[in-house]
Amino acid sequence: MLLCDIGNTTYHFFDENSSYKEDAKLFNPSSIKREVFYICVNSSVKERLSLLDNWIDLSLHVDMSRYYKTMGIDRIMACEAIESGVVVDAGSAITVDIIKNGNFEGGFIYAGVKAMNECYKNISAQLEYSFNFELDLDKMPKNSRDAISYGYLGLLYKEVASYGMKIYLTGGDAGQFSKLFLNSDVDELLLFKGMKNIMKKANLC
């Protein structure tokens, strides 16, 4: 079984033995002859894949009545991976979604680390600091780096922790956020687990 998560810059493949990426501009999807079950947020790639019979779009097998129309398919798959908990996908944007007993309860979107760094930098060169993910949030900051870190990370931490649920971290900055959410589970393959669950529901495997 070959799964693929396609973003704007890469094809991210996963099977039972390995995980690897291909450049979205250079990779030729017709070079793969076996069945590929995929999700895609890249409209031009998705149009190209629609012409290939062995590439199967899993978004067509999602019960969208459980979500909202404009919700990203990558967020949906991460939600499908768990029964209950908070999914924090820390990528270019940070998405936080609540799942209770297999039902999507809602979520919100927060600026990603790089975007927020740029935001502070654009306000003033004096605010160009990396965030301190090991900040003690029980103490008010007494320096600029900790002050911007507290403003950015503290609000997110308190909101996520307030739900009192198990926290699942995924995405490129998950490792950084694991320093903040100490009892969280970091799972870079969470989205693929959701894809497998959709396949089971649709009797595709």
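Going from the start of the chain as shown, residues are counted 1 onward.
Just so it is clear, glycine is given a Cβ too, placed from its N, Cα and C backbone atoms.
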Item to check | Among Ser92, Ser124, Ser130, Ser144 - the residue Swiss-Prot places in the same ATP site as Asp5, Ile6, Gly7, Asn8, Thr9, Thr10, Tyr11, His12 | outcome: Ser92
Checklist entry - Among the binding-site residues Thr9, Ser92, whose Cβ has the fewest other Cβ atoms within 10 Å? => result Thr9
Checklist entry - Checking the binding-site residues Gly7, Thr9, Asp89, which are within 10 Å of Arg75 (substrate binding site) at the Cα level? => result Asp89
Next on the checklist: Roughly how many Å lie between the Cα atoms of Gly72 (substrate binding site) and Gly7 (ATP binding site), rounded to a whole value?
Outcome noted: 11
Item to check | Greatest C-beta neighbour count within 10 angstroms, which of the binding-site residues Gly7, Ser144 | outcome: Gly7
